[in-house]
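Peer 1: Among the features that Swiss-Prot reports, active site, charge relay system is placed at His622, Asp665, Ser760. The disulfide bond feature in Swiss-Prot is assigned to Cys53-Cys61, Cys124-Cys164, Cys185-Cys262, Cys206-Cys245, Cys234-Cys257, Cys296-Cys335, Cys377-Cys454, Cys426-Cys449, Cys531-Cys555, Cys607-Cys623, Cys699-Cys766, Cys756-Cys784 (among others). Residues annotated as domain 'PAN' in Swiss-Prot, with sequence analysis given as evidence: 20-98. The domain 'Kringle 3' feature in Swiss-Prot is assigned to 275-352; the stated evidence is sequence analysis. Positions annotated as domain 'Kringle 4' by Swiss-Prot, on the basis of sequence analysis: 377-454. According to Swiss-Prot, the domain 'Kringle 5' annotation covers 481-560, on the basis of sequence analysis. Annotated domain 'Peptidase S1' per Swiss-Prot: 581-808, in sequence order. The annotation N-linked glycosylation site is assigned in Swiss-Prot to Asn308.
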Amino acid sequence: MEHKEVVLLLLLFLKSGQGEPLDDYVNTQGASLFSVTKKQLGAGSIEECAAKCEEDEEFTCRAFQYHSKEQQCVIMAENRKSSIIIRMRDVVLFEKKVYLSECKTGNGKNYRGTMSKTKNGITCQKWSSTSPHRPRFSPATHPSEGLEENYCRNPDNDPQGPWCYTTDPEKRYDYCDILECEEECMHCSGENYDGKISKTMSGLECQAWDSQSPHAHGYIPSKFPNKNLKKNYCRNPDRELRPWCFTTDPNKRWELCDIPRCTTPPPSSGPTYQCLKGTGENYRGNVAVTVSGHTCQHWSAQTPHTHNRTPENFPCKNLDENYCRNPDGKRAPWCHTTNSQVRWEYCKIPSCDSSPVSTEQLAPTAPPELTPVVQDCYHGDGQSYRGTSSTTTTGKKCQSWSSMTPHRHQKTPENYPNAGLTMNYCRNPDADKGPWCFTTDPSVRWEYCNLKKCSGTEASVVAPPPVVLLPDVETPSEEDCMFGNGKGYRGKRATTVTGTPCQDWAAQEPHRHSIFTPETNPRAGLEKNYCRNPDGDVGGPWCYTTNPRKLYDYCDVPQCAAPSFDCGKPQVEPKKCPGRVVGGCVAHPHSWPWQVSLRTRFGMHFCGGTLISPEWVLTAAHCLEKSPRPSSYKVILGAHQEVNLEPHVQEIEVSRLFLEPTRKDIALLKLSSPAVITDKVIPACLPSPNYVVADRTECFITGWGETQGTFGAGLLKEAQLPVIENKVCNRYEFLNGRVQSTELCAGHLAGGTDSCQGDSGGPLVCFEKDKYILQGVTSWGLGCARPNKPGVYVRVSRFVTWIEGVMRNN
């Protein structure tokens, strides 16, 4: 019984109806606390262990951990504020929230933080001390009031809040300045609001975050473990003006909630800078001119541009005067301009490069997921593994080794310089039984990675992995066989079914011919006198014969055993470059094997498409506007080059067209003959019906479209793009309400990354567990890779029922 059983026990307990006491704890799986003051007790369940922590009278129990294998309970006086957390199997650590919190609720009667100075800066006297003041309240007289050390407390329920006796003989006591918890109120824009309000400003009931009804959305709690998306409580996961929620009214997708502002000062946002560090959210300099030289509009002004980025709506962002700021998480400080024709622009802020930057500041907290589809493996205990897998056995993303969020740790590149602790890749720096990582889920400290152990014949990735290529299925095997009609056959059979030797393709005796020669068909493999199928004959490979009385005859080439290729699993590892189609990355050949080139009958590429089964291609309906006739189109499969097609490509006519009946921008093409599934031609997987891709999920687009003069034109290109929740995409400054529920947005709001003309109809695929799933069909956009204008894609999951019905009935 290992880690998974700890998880199972925890889930069973939380769902048992008796788990309410655990609401007062923060739990972390796979974490153990180094404790000096502790008790080891037997306990049959987590519930029993929690009860022992509550009942203990020898010391104040601030945390407990439960070991599932031994059914052992350890209650402890320490927590993460006073001790260190280490990684351990088969254990769940529970820490009381009240002792972790440094804020107060109400008058702070239950405050158990560690503030030990008054609001006037005087150090507090210890509660157990009698000097300089003899206390009325002490640990002996009030043992249940948490009178520890010299921490501020409120043992007498004073309406003014926590206080303490002071070390100043002239001042007996003074009040402490304790921050209000964001349970009954909010600081700033409520990004950390943790309360239970679940109605909107107009009184509508909130929809639960883990529900997709009545409104489908991308804020899935399991994908955003640090956003505290509990039940149907108002939250602010996307830098809105204040907490909000999706509503239970089908006619109102979302609305802001009416959360009062806290009366105490907000928490510190960290150091501020007069230069640009990161995205400049803490920039507090005085630059007030944009990159184009426009003067900034005052944040408090509404002319010439009306807006809601006001000092009142963003009280913690220092929107002073007309200085450039970044209140909403854009890529750099910006401002509205005084030019009525230019709503806003970024500002040119000098960089802080000369100042020291910590490793933690530079490290991304959740880098893009890079789990290989062509799964690599590890030898032994995996200490030598240097692959790029970055997901755990349960599908969680790995935390960067150089980051301390959400888990603080000592396994850093500096402390383990030879362990290959790069990015967030799975590693084994401490000789565990296999590669592992800290996770981006605050409640799960670490997990083993989703990697297999190498068999005796497999090679582990011990350096940055090269392109992984399987043998070309058209390469002659020992059996010298063919796929489909054998158009791609390149074997060395050279006799017909009757045993007659074949005539050389370059020869003109005994039979003269001019159509099928190495010169006229350079891509058909017309070598020597080998059997070939240059014209795609349904009878299979053939040749001109050496019998003067027989012009040609077929060859006896057996079919190859059908290869077993699962949907969504390319046999060449994709590059997964964070570049862009416009100015972006050339893909590894055949790493996106479902990519289709939709062409005119004359062979001109004009749209993309996606192979979803051997006989069916999905594309955009607007790609078929020029002609309703299937004969006007054909598809190319297995290509990397737009022109000068490779020998192995498959060219198939289209037999039928199916447009989505409600005129959405999606269409199905039925092929005249099934595609041959090879290592270069593999369908993408369809999503579950009505599945919603989580906000900020990293997905990929591919195509041969317009590259605006950048390198790699004519080769298949790829780009990695984050999905943007429709709620954000429909904001005024982005696509202003144009995106429908049957569509999704993806792109970098800073611009420079997008699909362009010629990519229409092509795939947007997202990696899930161990395969790529087709989530979008490239549909439309405002321009090409423009700032604040992400691309729009048809949401495939909304049409899966229609797609499957058409394929089943035709």
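In case you wondered, yes, glycine gets a Cβ from its N, Cα and C as well.
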Peer 1: With CB pairs under 8 Å as the measure, which of the listed stretches 377-454, 481-560, 581-808 comes out on top against the domain 'Kringle 3' (275-352)?
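Peer 2: Stretch with the highest Cβ contact count: 581-808.
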Peer 1: Taking each of the recorded positions Asn308, Ser760 in turn and counting other Cβ atoms within 10 Å of its Cβ, which one has the fewest?
Peer 2: Asn308
Peer 1: On a simple 10 Å Cβ count over all chains shown, which one of the disulfide-bonded residues Cys245, Cys377 is most densely packed?
Peer 2: Cys245
Peer 1: Check Cys53 (disulfide bond) against DSSP and tell me helix, strand or coil, would you?
Peer 2: helix
Peer 1: Taking every residue in the domain 'Peptidase S1' (581-808), what is their average pLDDT?
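Peer 2: A mean pLDDT of 88 is what the predicted model shows over the domain 'Peptidase S1' (581-808).
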Peer 1: Taking the Cβ of Asp665 (active site, charge relay system) as the reference point, list residues of the same chain whose Cβ is under 8 angstroms away and which are at least six residues distant in sequence.
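Peer 2: Once residues fewer than 6 apart are set aside, Asp665 (active site, charge relay system) is near Ala620, Ala621, His622, Val777, Ser779, Trp780, Val794.
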Peer 1: Can you see whether DSSP assigns His622 (active site, charge relay system) to helix, strand or coil?
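Peer 2: For His622 (active site, charge relay system) - judged by DSSP and reduced to three states - the answer is helix.
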Peer 1: Taking 10 A as the limit, how many CB atoms besides its own sit near the CB of Cys53 (disulfide bond)?
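Peer 2: Step by step: centre on the Cβ of Cys53 (disulfide bond), count other Cβ atoms within 10 Å, giving 24.
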Peer 1: Report the nearest neighbour of the residue listed as 'N-linked glycosylation site' in space among the recorded positions Cys185, Cys335, Cys531, Cys555, Ser760, comparing Cα positions.
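Peer 2: Nearest by Cα distance to the residue listed as 'N-linked glycosylation site': Cys335.
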Peer 1: CA-CA, which of the disulfide-bonded residues Cys53, Cys245, Cys257 lies nearest Cys766 (disulfide bond)?
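Peer 2: Ranked by Cα distance from Cys766 (disulfide bond), first place goes to Cys245.
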Peer 1: Among Cys234, Cys257, Cys262, these being the disulfide-bonded residues, pick the one whose CA is nearest to that of Cys377 (disulfide bond).
Peer 2: Cys234
Peer 1: In whole Å, how far is Cys607 (disulfide bond) from Ser760 (active site, charge relay system) when you measure between their Cα atoms?
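Peer 2: Rounded to the nearest whole number, the Cα-Cα distance is 5 Å.
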